[in-house]
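Asks: Can you keep this structure in mind? I'll have questions shortly.
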Amino acid sequence: MTIESLPGSSGYLEIGNRKVTYFSNLYVVGLTVIAGIGGLLFGYDTGVISGALLYIRDEFEQVDQSSFLQETIVSMALFGAMIGAAAGGWINDAYGRKKATLSADVVFALGSIVMALAPDAYVLILGRLLVGLGVGVASVTAPLYIAEASPSEIRGGLVSTNVLMITGGQFLSYLVNLAFTEVPGTWRWMLGVSGVPAVIQFGLMLFLPESPRWLYLKKDKSNAIVVLSKIYDPHRLEEEIDQLATALEEETCKRNAVRYWDVFKSKEMRLAFLAGAGLQAFQQITGINTVMYYSPTIVQMAGFHSNQLALLLSLIVAAMNVIGTIVGIYLIDHVGRRKLALSSLLGVILSLILLAAAFFLQTYSHLNGLYGWLAVLGLVLYIAFFAPGMGPVPWTVNSEIYPESYRGVCGGMSATVNWISNLIVAQSFLSIAGALGTGPTFLILAGLAVVALVFVIVFVPETKGLTFEEVERIWKERAWGSSNSRGALLEAGNQS
């Protein structure tokens with residue numbers, strides 16, 4: 001697969017004299033896939049609990065009788081991820097992307113063992129916390145590592161590969177859920193298997209290099225150049241080294257270590273963080289993980305009471321998530337981040353209204369079967385619109401909008417916002433749906449999606465095809481309005 005700059009072109013992305021295709025450098029593809037296993041862990045963990053919860057409820061009566069306990073089993077991993085993401089920014093800056101990934105794998109594998117052996121709901125919650133810590137660190141690290149090892153022309157698509165791994169992990173989790181439905185200890189196998197990808201990534205990651213940008217800016221120039229030489233041809237290598245040298249000079253003039261509160265002292269950094277963290281928050285509060293965590297439960301709410309049928313119909317939702325993400329990888333460097341997010345949100349709003357209508361009609365009609373299928377259609381359309389845009393765009397934008405010295409800290413902070421928002425939605429969905437009804441709950445999510453649409457229009461710039469340095473200049477010019485070059489940069493990105 002290649003990305004073409006214009007219909008009928010030769011299959012290259014062209015910016016100036018640069019010509020790059022996704023698979024023109026298999027070394028970069030290898031780095032992307034191995035780092036993206038962190039996304040697979042992320043996706044598997046978020047998807048597997050939706051099916052496992054049906055069988056956990058069957059085994060533990062106290063869980064079956066308590067919506068709060070069900071929400072806690074789901075959301076404890078999100079609480080751990082929130083902590084892991086917050087710490088992950090610091091770990092990435094202090095110890096590098098590679099060590100951060102290895103530490104995440106160890107914690108995740110340990111958590112999967114605890115879950116599989118849990119004698120009661122409370123030990124299970126502890127295992128979910130440990131898994132969440134690993135997922136949180138990985139959610140910060142994988143996009144950073146991929147972005148810093150990617151040519152700017154195809155950075156969006158390569159970072160979106162991590163999102164494909166997330167959705168692939170979710171789809172895999174539904175397949176595993178179906179595979180173990182008739183096996184004794186059903187949910188234990190579902191949760192325990194999640195440790196396998198972590199072990200595989202740990203082994204492979206030992207043979208990968210550190211991020212070249214991190215190495216260079218930590219003044220390990222020789223190793224950085226060795227890695228860069230495997231990514232770029234000689235002419236482009238010189239250009240990249242010059243850009244890193246300039247970045248290093250700028251960072252040397254600044255403070256040695258960036259602290260969390262430093263982000264809010266600079267106007268341009270406040271604007272960048274607002275855009276990045278806002279996208280992460282709206283990715284969650286528009287309902288994606290309500291669908292992914294609770295889709296079998298939602299299907300059962302729609303009238304399909306069999307566990308196996310609920311999982312099978314949810315598998316269709318997960319498959320659409322994967323397909324939509326593949327479409328997003330193609331479009332993100334074609335259409336751009338901003339336009340993709342806006343079109344995605346428009347579709348999300350319409351599909352959430354359809355979902356709400358299906359549950360309203362089901363309440364006041366005897367045609368429950370018909371409206372049950374309408375609800376399933378709403379779920380599938382929701383994913384079809386969400387996956388290409390609001391799935392990859394927040395992670396891609398956050399991997400490229402911050403200066404090097406702030407990238408780990410801001411990436412960690414924005415990922416923490418994502419996980420906090422995720423936690424709030426996961427911990428409250430069943431309770432709100434029980435109090436207000438499922439239809440009104442989806443209508444609330446549609447209203448939040450409208451707010452998200454306005455936010456993207458006002459605060460998120462286009463960054464397609466721009467270098468890290470060019471993106472940094474956008475924020476300086478947005479903050480101080482002292483240059484006319486921003487329009488030229490955005491135009492260059494839109495024409496790429």
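Each residue, glycine too, has its Cβ placed from N, Cα and C.
TrEMBL feature annotations, pasted as is:
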| type | residues | note |
| --- | --- | --- |
| TRANSMEM | 26-56 | transmembrane segment |
| DOMAIN | 31-464 | domain 'Major facilitator superfamily (MFS) profile' |
| TRANSMEM | 68-90 | transmembrane segment |
| TRANSMEM | 102-119 | transmembrane segment |
| TRANSMEM | 125-146 | transmembrane segment |
| TRANSMEM | 158-180 | transmembrane segment |
| TRANSMEM | 186-208 | transmembrane segment |
| TRANSMEM | 271-294 | transmembrane segment |
| TRANSMEM | 309-332 | transmembrane segment |
| TRANSMEM | 344-364 | transmembrane segment |
| TRANSMEM | 370-395 | transmembrane segment |
| TRANSMEM | 416-436 | transmembrane segment |
| TRANSMEM | 442-460 | transmembrane segment |
Asks: Can you check how the pLDDT averages out over the domain 'Major facilitator superfamily (MFS) profile' (31-464)?
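Replies: When the pLDDT values over the domain 'Major facilitator superfamily (MFS) profile' (31-464) are averaged, the result is 85.
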Asks: Name the range, of those listed as 186-208, 271-294, 309-332, that has the largest tally of Cβ pairs under 8 Å with the transmembrane segment (158-180).
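Replies: Going through each listed stretch, the top one turns out to be 309-332.
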Asks: With an 8 Å cut-off on Cβ pairs and a sequence gap of 6 or more, do the transmembrane segment (344-364) and the transmembrane segment (370-395) reach 3 or more such pairs?
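Replies: Yes, the stretches contact each other.
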Asks: Below 8 angstroms Cβ to Cβ, which residues of this chain, lying six or more residues outside the transmembrane segment (125-146), approach it?
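Replies: Same-chain contacts beyond the ends: 31-32, 35-36, 38-39, 41-42, 45, 49, 72-73, 76-89, 91-92, 97-98, 100-101, 103-116, 118, 158-159, 161-162, 165, 191, 194, 198, 211, 395-396, 398-399, 407-408, 411-412, 415-416, 418-419.
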Asks: Using Cβ atoms and a strict cutoff of less than 8 Å, what residues sit near the transmembrane segment (370-395) while being 6 or more residues removed from its termini?
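Replies: Result: 143, 156, 159-160, 162-164, 166-167, 276, 279-280, 282-283, 286-288, 291, 295, 298-299, 301-304, 313, 316-317, 320-325, 327-329, 331-332, 337, 340-348, 350-352, 354-355, 357-359, 361-362, 418, 442, 452.
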